[in-house]
């Protein structure tokens, strides 16, 4: 078939790779001048099944309300008139029960574990590299209370297949010597040995080049999707700034813009943008920086080591489609990073960035055929798009081919 994929981020590019590997003629439409220049450009760098716990939980409402007035928190809510945000919030709150938290987290973990294996298989099959480190990730807590509360979620994930190690201070510093200076400030943590880190933009750049050169995938960069030409129960063409693109099937993988396009054609797709901030800094003294990825769970800041660079990531800000940033947005992030890794970097040399996560109310992405016979979704991966993208792409390719997916599809296949 001729398949058109909308979006060349990590999700869309992974889908294009697997579809082309199945023998389809694939065209990818991307508004930016290169792949992975939107949501996938500068994420936390974590491939983290250990971060599969859904955002919606019984504690989420309290955190949400605190985010209205305390902008030093990792969660920020900017009040504005936005009917879509109100509707999304109500659906989010309906997911904030213990039962939904567990169900959503279990689905996310299933896909995340599968996707991690898919990433490694792609790397082995294609020979591409992306500053990857396969040394695990540390999730640590500064107080005994947060440690006791936080480890409950990890224990639940462990019950469903995630290998973890609950670690005290001594073991934590053994795993990450870079944290020796703050050992007494940390109560303990969780080590997920199968988690890993890597530069998603570099991965996508290399995968797109491979897909183009070896599999014949055609990328239309600098091309904006303007709409869909619907005839009856099928999409006849994708209308773009460069003219119509016809084909036998269409895949929507447009990140936070997916919901905007879907709603125009009667598709219930509650994807809402949640802004995040990252800083990428060259390490001045590599011996003082981290050797593996980590997350300060009390400060809500994640970090990864990407070659000789340090990637910092923080904040979940509900502010619509605003992608702007200013130096003060990074103040808390830099303060936390200086505390953890003093002398490792010079923040004046940081490359600052802000992007939008495509969040579903339950934190679970949607994959599969939607409303029209030849229209498919692969979107809504939220804060773990890098983690889930390759598994989603392979899962989607199986659905398109009519094959039985390699993982249980319950909770993943679109039903709207």
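Any Cβ shown, glycine's included, is placed from N, Cα and C.
So that you can see what the record holds, here are the features copied from Swiss-Prot:
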- 3-17: FAD binding site (BINDING)
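Locations of recorded Swiss-Prot features on the structure.
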| residue | record | DSSP (3 states) |
| --- | --- | --- |
| 3 | FAD binding site | strand |
| 9 | FAD binding site | coil |
| 15 | FAD binding site | helix |
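When the binding-site residues 3, 5, 11, 15 are compared by the number of other C-beta atoms lying within 10 angstroms of their own C-beta, 3 comes out lowest. Cβ neighbour count for residue 17 (FAD binding site) (all protein chains, 10 Å cutoff from its Cβ): 29. Each of the binding-site residues 9, 13 was scored by the number of other CB atoms within 10 Å of its CB, and the largest score is that of 13.
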